[in-house]
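Asker: Let me begin by handing over the structure; questions about it come next.
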């Protein structure tokens, strides 16, 4: 009887050769590229006169540097315009599909690949971006790579990799009202630490994971990297297969039936042996907010900033540093902390279900005075679907700005930036110093619904209080 994990099975299927020193040459089934980490890689190929080995397995988009208020060309930023033009030239020269602006398929790379059906169970997926682990939601092994490795994949369609250990994160029960996958992963990272996953792949499993939608699973896997794991994944199941059916690049007809049969066989076997296992109770998890300068510095919205005596000695220096930077006092409640900017979007939480959750809070309410709040769909497809359901109107009526797709304020590579000491409520994935533009800017990570609640009240607010006062509506057009 087979007794392997999904990670073991996918690794073995993609092994090309065992290399000196213990690493493995691993075939890459899908290579995703964007405008920031690909120019130098293409330049290296050109210097050596090398072709792209498998252009049909490479797909490009533009996301990091694009403005979200107006995407009219040429961009006001000449560097951003040059980066996009370079990507367009490279894709044309090497025969690579580019999901460009206005194509109907452009968006954040980790949003468009799943929605187009490019990401499928059993694949190895590589991209020059930290949050490539997103694609593990499909039962793929997906990892972020650096520019030199982007070059290697373009040239050889393979990478030299060291095999990881596998930690199973089992989650019992179900998440409560107002608690989302974002809260679950922030709770996991808080509990295990930002370095606990080093050398590991995280397998997310258990009753609470089984009932998550694909978009929620993507949020979960997206932030596995923030816990130190090289990748995170969920075993493929009926939820996965239903999501893929009808997607542009997904198999159809008899090919789909054969694919599903094979995809099912990839799941970790019941008697699979893991290197480590950790169990969580979903029902005990509350809406989360980060208070510090790492994603591991998170607390439930009804908790207080940790005091020194509640922390391990090794945690105290960075906690003190975080409090100084964030202008927070140990022991103070996180609920009620005022915010300046509220951002809903990113590869973590810029999908349709994320926008729906936030719109449900915004509907019939209005952004607090003095708060800048904006919504950035993760892709052109997400934007059009949201507009078809009337979500853009809900947000605009509530005082939010409705933007064009892109990475936006997740990182400081485009015009969407914090200024000075502004503090943001953000549905993105990193709260490092200066991450959102200003070298002195501050970031509070939370779910899209929590961001919407902060926008409405002007401060960190337990979204469950607003949910209890929300009248259910079947349509956002009402």
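Positions of Cβ are set from backbone N, Cα and C atoms, glycine also.
OK, Swiss-Prot features for this one:
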- 347, 407, 410: [4Fe-4S] cluster binding site (BINDING)
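Are these features on the surface or tucked inside, and what are their neighbours?
Answerer: Secondary structure at residue 347 ([4Fe-4S] cluster binding site), as computed by DSSP, is helix.
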Asker: Might you list, by sequence position, any residue in that chain lying six or more from residue 347 ([4Fe-4S] cluster binding site) with a Cβ less than 8 Å away from its Cβ?
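Answerer: For residue 347 ([4Fe-4S] cluster binding site), the qualifying residues are 108, 109, 110, 111, 131, 134, 222, 378, 407, 410, 429.
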Asker: Please report the DSSP secondary structure of residue 407 ([4Fe-4S] cluster binding site), reduced to three states.
Answerer: coil
Asker: Give the number of CB atoms, excluding that of residue 407 ([4Fe-4S] cluster binding site) itself, located within 10 Å of its CB.
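Answerer: By my count, 30.
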Asker: Which number gives the other C-beta atoms within 10 angstroms of the C-beta of residue 410 ([4Fe-4S] cluster binding site), all protein chains shown included?
Answerer: 29
